[in-house]
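Participant: The structure that follows is given in the form of structure tokens.
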Amino acid sequence: MDLKISYNWLREYLKGKITVEALARELSLKSMSVERIHEVKPIFSGVITARILEIAKHPNADKLRLPTVDTGNPSTSFRAGEKLQIVCGAPNIEVGQIVPLAHEGAVLGIGTENFTIKKTNIRGVDSNGMLCSPKELGLGDDHSGIMILPPETPIGKKLEEVIPLNDQVLEIEVTSNRPDAMSVLGLAREGAAALGLKFDFKPAKPDLKAAQNMPLSVKVLEPKLCPRYQAAVLTGVKVGPSPLWLQARLLASGLRPINNLVDITNYILLEYGQPLHVFDYEKLAGQEIIVRKAKAGENIMALDGKIYDLKPENMVIADAKAPVAVAGVMGGEESAATEKTKIIVFEAANFNPVSVRKTARALNLHSDASGLYEKGLYPQNTEFALLRAIELTQELAGGKMASKIFDAGVKNDKPLKIKFDLAQVKRYLGAEISLAKVKSILQTLGFSVIGGKVLTVAVPWWRAHDVAADYDLIEEIARLYGYHNLPAVMPAGEIPAGQKDPGFFWESAVKNYLAGLGFCEVYNYSMVSSGLLNKVGFDPKHAVKIANPLNEEMEYMRTTLMAGILKTAADNLNNFSEQKIFELSAVYLPTKDNDLPEELPKLTGALVGGGEEAFLAAKGTVEFLLKKMGIKNWEMKLTDQSCPLWQKGLALDIFLNDKFLGQFGLINDNILEKFGINKPVAVFDFDFKVLASLGSTVKSFLPLPAFPGSSRDLAVVLDEKISWQKISRLMEKINPLVVGVEYLSTFSGESLGEGKKSLALRLVFRAPNRTLKSEEVDGIVKTAVASLEKEFGAKLR
């Protein structure tokens, strides 16, 4: 997550001499990576503040108006008290407003070029300058109206003098396991530790005496999903523009100023990393706040103007009647504070990260707040953020406390204490780091440390998520000491040998095997349409449906790779008459609890074209693959003939000791027609998890034979249903001198009888220490014929 943070803002919490370059360097070396530094400075000159005295209608244009402004400053190029008429089309100007005026000769950096303001005649009326929007001043993207300055802004001043624009912005990459560093305070704390400076933070101390006691009821019905909820009522609030210093801070961080209430919540989001929300007190039915799960049939119009249907598992903030916010995600439009709001309720809460993530994804509604909550925030932070919000509201919006601070949930958890042996530092880092240095590093980061060689370290609440054991403390010491300062030493002690993960090993090996056979690997989307599943006979009802699909073509998680393989083959049919493709990836099967689907790795390949030999080619591929993986003693069985996917009699299941490995065969012509394929297609489909578990990397080697071998050819008549595999395995077992069994041919005809076939095979014989005699070979052949007759009723031709 990248944060844009003002250097001037960070400096407020760092005491000591420092440069932006030094801060960026030390943060990158010891904490978070500073990706770049942006210099922020005015892109304009000659822009001053002016007050609108009166507004007249343009005589020749309905959409244009003629404001007269007072520059009020004799130090400018205008005479003191001179009034200037401007032609303006902005809809938001009113008499009495303080606005930025680019007078004649001013320069604006609009786009990539500088633009000089000149006196211009617009529709028959002279305009002596231009009133500027934030975009025209380079202060944001808003160009819907003129930038309105706070009413206390002095007129006649250069704009860069009243808005502190000169700054440097650090763009910092914060890792997702460090939500404590996703704020100005968090990064300032890290910067202080990295530079050896004092972190100067003082909690806000607003006036908490309530002038009146406005009734408010706060109930948390789901404490596990909302560990802490705080709220406070303020009255006498005046909604208006934020002071220029606050606007400048937001602009430097990439946020657009809106009004003081919204800006305060955004400011604290940046400063404390704690989302806040503001309710209009008078819009809360019954003056109640209830943290609960949504009820069936409820919906809410969020601040983005869209209506969202809520589900019972969604957490909401509700009043006495209906939801007023989606907890941790976004507030509701109907309870939002507006320019007319006088009484507000500030909310500072902590929500379960998993609950927020599921709700945001289910509703397809995401915000800066949900992004932070999903990473896991800290219940203790709500108190600091709420006090700061009250303080700023009192200073900038005239708010006064009108209630106590309502507080439900966790207040002060006991910190985790870790026993830590100082000897572990040298063991893990190879460096002698003194006790004083170790204590200094940990204390600078906010850890409490007591003890000598064996330390007891109390983990601060803002590090409770990522520091849990002594090795986490060693990591903190290492990075603050400086990885670049650690000596290069050989590791001590025993180093266990690394173990190959069979899944990863066989994934790479199988891909190489298939590539060697001329196959091309393909990648298909994991999301498929119901129509694609139907084409291969898979019912979408048994697939995992995506809650928010991108389109109808990506509505379901695939339950088979065959659909994608056949679609890829069809798409490439015009370019390649014959294809050999495969995919090794996951399919997704629904689970009983309807939570995350089961991911099952599959290996699926297709051989397109090549005539009737495609089936035999697929069979050869399967046999080669199983042999290369060291899987032995498997057998093939005819696939269920009722399966509509395969051509009858041309599909085989593969088993090992009754464990199903996969299947292969010719795809049914009806299926191919649905894909527009007019060539034979043979497909193999394996459960790759099972294959990888059975694969063996043990290599066996036999020396080259020193003595010649001998062979005999046999032809036997037997039942046509008896497979070659059963015959070959029987022949391999009849005698140790049989070193090979080869298939020659199969013949069937009326002369053999119904249901019979003639099978020719070759037996190869060899002894390791002598040349076999003819009598020995003949004896083994007789044994072979007898075994075939006994097992299968075979007759020698």
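Including glycine, each Cβ sits where the backbone N, Cα and C put it.
Feature list, courtesy of TrEMBL:
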- D466, D472, E475, E476: Mg(2+) binding site (BINDING)
- 41-160: domain 'TRNA-binding' (DOMAIN)
- 413-488: domain 'B5' (DOMAIN)
- 705-797: domain 'FDX-ACB' (DOMAIN)
Participant: Specify the secondary structure state of D466 (Mg(2+) binding site) as given by DSSP, simplified to three classes.
Facilitator: coil
Participant: If you draw a 10 Å sphere on the Cβ of E476 (Mg(2+) binding site), how many other Cβ atoms land inside?
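Facilitator: Result for E476 (Mg(2+) binding site): 20 neighbouring Cβ atoms inside 10 Å.
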Participant: Summarise the domain 'B5' (413-488) by DSSP state, stating how many residues are helix, strand and coil.
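Facilitator: In the domain 'B5' (413-488), the DSSP-based counts are 35 helix, 14 strand, 27 coil.
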Participant: What does DSSP give as the helix, strand and coil breakdown of the domain 'FDX-ACB' (705-797)?
Facilitator: 32 helix, 32 strand, 29 coil
Participant: What is the three-state DSSP composition of the domain 'TRNA-binding' (41-160), stated as helix, strand and coil residue counts?
Facilitator: 5 helix, 52 strand, 63 coil
Participant: Which chain neighbours of the Mg(2+) site, leaving out D466, D472, E475, E476, have a Cβ atom within 8 Å of the mean position of the site's Cβ atoms?
Facilitator: R463, V467, Y471, L473, I474
